[in-house]
């Protein structure tokens, strides 16, 4: 056993334990107090903490001939280093672990909508400028020889044929594909697990709430989420506009992850989560709430159609049941949080947040127009 190897190396653990049990050695103490099934790796880690080792001992790989070591355990032994690097230990005060994520959620949501308001202001200014620039460009194009069959021209034609919503989510899809490719780089596995999966038991709590929204490990998971996002992109951008949609989408990713944190802390079912499902549930719920009579169909089963309102009710019911019953295949708390945020925003949030952005826009306008002038100096 690994514990036996530690005792023979003479690191002082045997003496520390022997004095408290009347001279019994570590091996005798372990045999008396510990059932055989607890002499595995987890128990060794517990003993290590109690003995106060400053340096983790070298891990001893189980041999094939060791009794009590199954073939499955031997195959998994090669995974011990990366698994140990990603073991999550819940805080002894789990409620405290939600304080930083709560402040991050509120702060990020405010920054997202504030940035979106400024973005919209800048977009309106650039559109006015581009209108006059376009008149000049059209005149130059009329006298400039045109290139036929140019690849760039074909790309521009394809891009211009997309709707505003499709052009908006193209960047989101590209970011998800990039992160999916990064998961395939072995040297980045620890970084990806640390920053691109959300877990309230992790040491890094805040940044994964946003980054995990763009993270997918499974190709099918990513393809399904991006298909739904692409399908609803035109509708949601027509309802909210490009800038407001981006603020809602990014905020939804953080909010749904915070609800997931709350659910995991409340139930004690800790584990990493990733994916854009929470943010996409916000998009789906917002569209279904705004257009409840719209007709939807299931992919690969287009003959079965149903109203958007009924689809939303079914999804909420399923995620509520999954959260209560402890289904582990999906992060139902994140799905439910995203759906409720989408319903709330199109019902109340648009009036409370977006329509009250004017004071911020005026401040930004003052900064832009009354900034420091060039060529100053004393008179």
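Easy rule for this one: first residue shown is 1, then count along the chain.
Cβ from N, Cα, C; glycine included.
Look at Swiss-Prot and you will find 277 tagged as active site, nucleophile. Taking the Cβ of residue 277 (active site, nucleophile) as reference, residues of its chain lying under 8 Å away and at least six apart in sequence are, in sequence order, 225, 256, 330, 331, 334, 335, 338. Annotation note: residue 277 (active site, nucleophile) sits in a helical segment as assigned by DSSP.
Counting Cβ atoms from all protein chains shown, residue 335 (active site) has 28 others lying within 10 Å of its own Cβ. Swiss-Prot lists 335 with the feature active site.
Among the features that Swiss-Prot reports, phosphoserine is placed at 65 (among others), with the record citing experimental evidence.
Residues or ranges marked as phosphoserine by Swiss-Prot: 70 (among others).
The topological domain 'Mitochondrial matrix' feature in Swiss-Prot is assigned to 53-101 (among others); the stated evidence is sequence analysis.
Annotation comment: Swiss-Prot describes 122-167 (among others) as topological domain 'Mitochondrial intermembrane', evidence class sequence analysis.
Under DSSP, the residues of the topological domain 'Mitochondrial matrix' (188-207) split into helix, strand and coil as follows: 9 helix, 1 strand, 10 coil. The topological domain 'Mitochondrial matrix' annotation in Swiss-Prot covers 188-207 (among others) and is backed by sequence analysis.
Taken through DSSP, the topological domain 'Mitochondrial intermembrane' (231-244) splits into 13 helix, 0 strand, 1 coil. Summarising the annotation, Swiss-Prot assigns topological domain 'Mitochondrial intermembrane' to 231-244 (among others).
What Swiss-Prot lists as topological domain 'Mitochondrial matrix' is 263-272 (among others). Residues 86, 88, 90, 94-95, 97-98, 193, 197-202, 323, 326, 328, 332-334 of the same chain, all 6+ positions outside the topological domain 'Mitochondrial matrix' (263-272), place their C-beta atoms under 8 angstroms from a C-beta of that stretch.
The topological domain 'Mitochondrial intermembrane' annotation in Swiss-Prot covers 290-295 (among others) and is backed by sequence analysis.
Residues or ranges marked as topological domain 'Mitochondrial matrix' in Swiss-Prot: 319-332 (among others). Residues 260, 263, 267, 269, 271, 273, 275, 277-278, 339 of the same chain sit 6 or more residues outside the topological domain 'Mitochondrial matrix' (319-332) yet have a Cβ under 8 Å from a Cβ within it.
Residues or ranges marked as topological domain 'Mitochondrial intermembrane' by Swiss-Prot on the basis of sequence analysis: 355-379 (among others).
What Swiss-Prot records for 1-52 is transit peptide, and it gives experimental evidence as the kind of evidence.
Per Swiss-Prot, the feature transmembrane segment maps to 102-121 (among others); the stated evidence is sequence analysis. Note on the transmembrane segment (102-121): residues 205-206, 209-210, 241, 243-244, 246-247, 250-251, 254-255, 258, 353-354, 357, 360-361, 364-365 of its chain, located 6 or more positions outside it, place their CB under 8 angstroms from a CB of the stretch.
Cβ atoms under 8 Å from those of the transmembrane segment (168-187) belong to residues 162, 196, 211, 214-217, 219, 222, 225-226, 229-230, 233, 237, 242, 245-246, 249, 276 of the same chain, restricted to positions at least 6 beyond its ends. The transmembrane segment annotation in Swiss-Prot covers 168-187 (among others) and is backed by sequence analysis.
The feature transmembrane segment is assigned by Swiss-Prot to 208-230 (among others).
Regional average pLDDT for the topological domain 'Mitochondrial matrix' (53-101) in the model is 52. Remote same-chain residues near the transmembrane segment (296-318) are listed as 227, 281, 284-285, 287-289, 332, 335-336, 339-340, 343 (criterion: CB distance under 8 Å, separation of at least six residues from the stretch ends).
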